[in-house]
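Chemist: I have a structure I would like to understand better, so I am pasting it below and will then ask my questions one at a time.
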């Protein structure tokens with residue numbers, strides 16, 4: 001039962017210089033009394049791709065199903081996975097404007113991972129003093145290779 005799963009809190013962020021351009025992503029995972037950070041980069045990407053990658057890489061670290069509280073400052077990620085994705089599936093992965101969904105391969109991977117875990121999604125305002133959001137932001141920006 002998914003209610004009996006172990007719990008993890010995750011904060012993610014992505015950053016990009018140029019958009020498109022070099023980018024970085026990061027996640028802070030909080031397990032009970034333990035904290036783990038992960039981060040990475042891409043030489044030619046977009047901010048949205050980095051935001052998605054941060055969430056995907058964090059969820060991929062979890063080898064068994066977890067109850068996940070996931071905090072992102074990306075409306076694109078939160079609304080995409082909680083609202084838009086259902087409509088995209090019904091519309092053959094087309095947007096409301098009948099255009100192909102951007103970053104489709106990332107959305108497909110995120111959808112699969114999110115369905116494996118029990119994820120509760122939260123949007124957090126960026127740059128207002130949330131400790132772990134700031135940590136993820138700092139790590140993501142540190143990964144940008146100019």
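Positions of Cβ are set from backbone N, Cα and C atoms, glycine also.
Feature list, courtesy of Swiss-Prot:
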- 13, 51, 73: Mg(2+) 1 binding site (BINDING)
- 13, 137: Mg(2+) 2 binding site (BINDING)
- 4-145: domain 'RNase H type-1' (DOMAIN)
Chemist: Output the one of 13, 51, 73, 137 that, of all these binding-site residues, has the highest number of other Cβ atoms within 10 Å of its Cβ.
Modeler: 13
Chemist: Helix, strand, coil residue numbers for the domain 'RNase H type-1' (4-145) per DSSP?
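Modeler: Across the domain 'RNase H type-1' (4-145), DSSP assigns the residues as follows: 57 helix, 47 strand, 38 coil.
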Chemist: Using an 8 Å cut-off from the Cβ centroid of 13, 51, 73, can you name the remaining same-chain residues around the Mg(2+) 1 site, in sequence order?
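Modeler: Neighbours found: 12, 14, 15, 50, 54, 72, 74, 77, 126, 133, 136, 137, 140.
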Chemist: Calculate the distance in Å between the alpha carbons (Cα) of residue 51 (Mg(2+) 1 binding site) and residue 137 (Mg(2+) 2 binding site), and round it to a whole number.
Modeler: 10
Chemist: Take the domain 'RNase H type-1' (4-145) and average the pLDDT across it for me.
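Modeler: Mean pLDDT across the domain 'RNase H type-1' (4-145) comes out at 97.
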